[in-house]
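Novice: What follows is a single structure, and I will ask about it in a moment.
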Amino acid sequence: MCGIVGFVGQGNTKDILLAGLSRLEYRGYDSAGIALYSQPFTMVKAVGKLEELKKKVSASKDCQLPYSMGIGHTRWATHGKASEKNAHPHLSMHKEVVLVHNGIIENFAELKTFLQEQGYSFYSDTDTEVAVNLIEYYYRKDKDILKALFSVQKELKGSYAFAIMFQEDAKTLYAMRKDSPLIVGKGENAFYLASDVSAFLDYTNEIYPVENREILSLSEKEIHIYNKNGEEVKRSSTIAELSQRQIHKGEYLHFMEKEIFEQPKVVKDTLLYACNQENEEPAGNAENPKFSYEAFSMTEKDFQEISRVRVIACGSAYHAGWVLKSVCESLARVPVQVELASEFRYNHPILEKGELVISISQSGETADTLAALKEAKKLGAKTLSIVNVKGSAIARESDFVFYTQAGPEIAVATTKAYSCQLAAGYIFSLLLAKAKGKISKEETRSLTEELFLLPGKIQQCLSFDQEILPMAKELKDADNIFFLGRGLDWAISMEGALKLKEISYIHCESYSSGELKHGTISLIEKGSPVIGLLSQEELAGKSISNIHEVRSRGAKCFAIRMEDIAIEEEDFAHNLIVPKTHPLFAGSLLVLPLQFLSYQVSLLKGFDPDKPRNLAKSVTVE
Ligand code: F6R
């Protein structure tokens, strides 16, 4: 969702801000803007794609002047529709303060009333305009910038990362954050500020992470960081783990394509991460790898004490939770309940002693998941997060963390992070089964071995990139597509349907094969496309019967199946085969043709698969 950037120092401020915003496009937005320090501030805003803003900036004579400080923003509309008046930066009523904001001010209504009583009027529908005026209010009262920011910090409820400029101070960029990401980059005679390091990685990889409730002042040569008590904090810079290569598309047309192709590597990295923990004896060796409890920052005893598992997550991460459920219940015989994080708090949750709450999240920022996690903690549960972004809010909030090793995922539709979440779920289940004495040493060894064969098999599935094209061509004009599966296949079909609908805008639904006849089958008519997933030997017969039921009502059927699952090929318009693996891990292979199908259909329909309409990469609002 919203992305912020800031720059102060020697450099082409305008170009640096626009380049930073381009790097943050993946977060999702529907308007954008910049403010450059001048007297008065120079501001340009535009609705729609960043290209619109760039055009306006090029056309503005004022923007061509040299500037040494500025802020920028991509906005994903929450309070008020996408319009120029609601786009950031927002200017205070007396034009003394301008800021950009990522987050939500929860008590904005009462603060607005307070400010109105003080004579403030508002031009936008946003919560952010309330924040900028509150800052100005305290600033005019105290005549002290830092003091004003500390006063505002005490008043604001909700989440925010702000980059702020004051008319009074031509040389200092101010920032503050709570529960929204913010990172500082140190350049030569310059400082950068952004929601995400990728925004300035082309200029520097020397970074200062910013902690919750810290306030910063940045000038050409100096950085000052203050904690919530107003004390100055000394912090050394570090080098960002992210490399430039990771944030560029390289030879690929889209990030989604690049990220699908990265899956063999990142799944392997996740498996290896689970074996080799820093400061620990490396567990196992190349021939005989062993997963370690410590990878989850847990002990064997922690695992033994788990009596039930509750997974809370959203979207694809929620689908990964369903796979974890199947595998964990099968291997460890520990009951697992999977819940939508957005529903968890409102379902009067009952958590038992010994129940581990697992939140799964790529970004580690998803507001629904974070809120559910906080609720679980309030109810006394032990919490584990399976997260991709290091140090993210969800990781910090959890008792235990497992970091998937997907690296930065830029395409809005998740692919590689989802695959790593599946791998994390397998490893967790295996360790739980081992700790509970539910599987023998021999079984543990053979399942581990099988897991280490997965990256190679995922590699084989990359050939679906082209193989899927004929099927994609047949499906691209469909209005509705049905996905069917039983057990684990159903869990994967949910992900296949979501992937296709989110980037091709075709209505897709996944149904448990057995459930179809209880209502949905009435939707099947001549030519309705139905994609059947078939990877579970013992369920295949039943699933095939369900496919026959729709076929005999005119459906056009497609099969994606594991090698060795027998079907009557002539019953299917297309029949795609993934290599054989242990049935519990089959989802990691079935998902590849489904990802490629979505990607290709999106391309065939002329859409940009990396930036589907209305969607944001990190969903930081509830
Ligand atoms: C779909 C997708 C979303 C996310 C969901 C949760 O392709 O990416 O459904 O899975 O928004 O996001 P995270 O994993 O960041 O919590």
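From the backbone N, Cα and C atoms, a Cβ is placed for every residue, glycine too.
All TrEMBL annotations are machine predictions without curation.
Under the heading domain 'Glutamine amidotransferase type-2', TrEMBL lists 2-221. What TrEMBL records for Cys2 is active site, nucleophile. The domain 'SIS' annotation in TrEMBL covers 299-438, 471-612. If you look up TrEMBL, you'll see Lys617 marked as active site, for Fru-6P isomerization activity.
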Novice: Using a 10 angstroms cut-off on Cβ to Cβ distances, just flag whichever of Cys2, Lys617 is the loneliest among these active-site residues.
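Specialist: Fewest other Cβ atoms within 10 Å, among the active-site residues Cys2, Lys617, is found for Lys617.
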Novice: Would you kindly give the Cα-Cα distance separating Lys617 (active site, for Fru-6P isomerization activity) and Cys2 (active site, nucleophile), rounded to the nearest Å?
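Specialist: With distance taken Cα to Cα, Lys617 (active site, for Fru-6P isomerization activity) is 10 Å from Cys2 (active site, nucleophile).
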Novice: Within the domain 'SIS' (299-438), how many residues are helix, strand or coil going by DSSP?
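Specialist: So the counts come to 67 helix, 28 strand, 45 coil.
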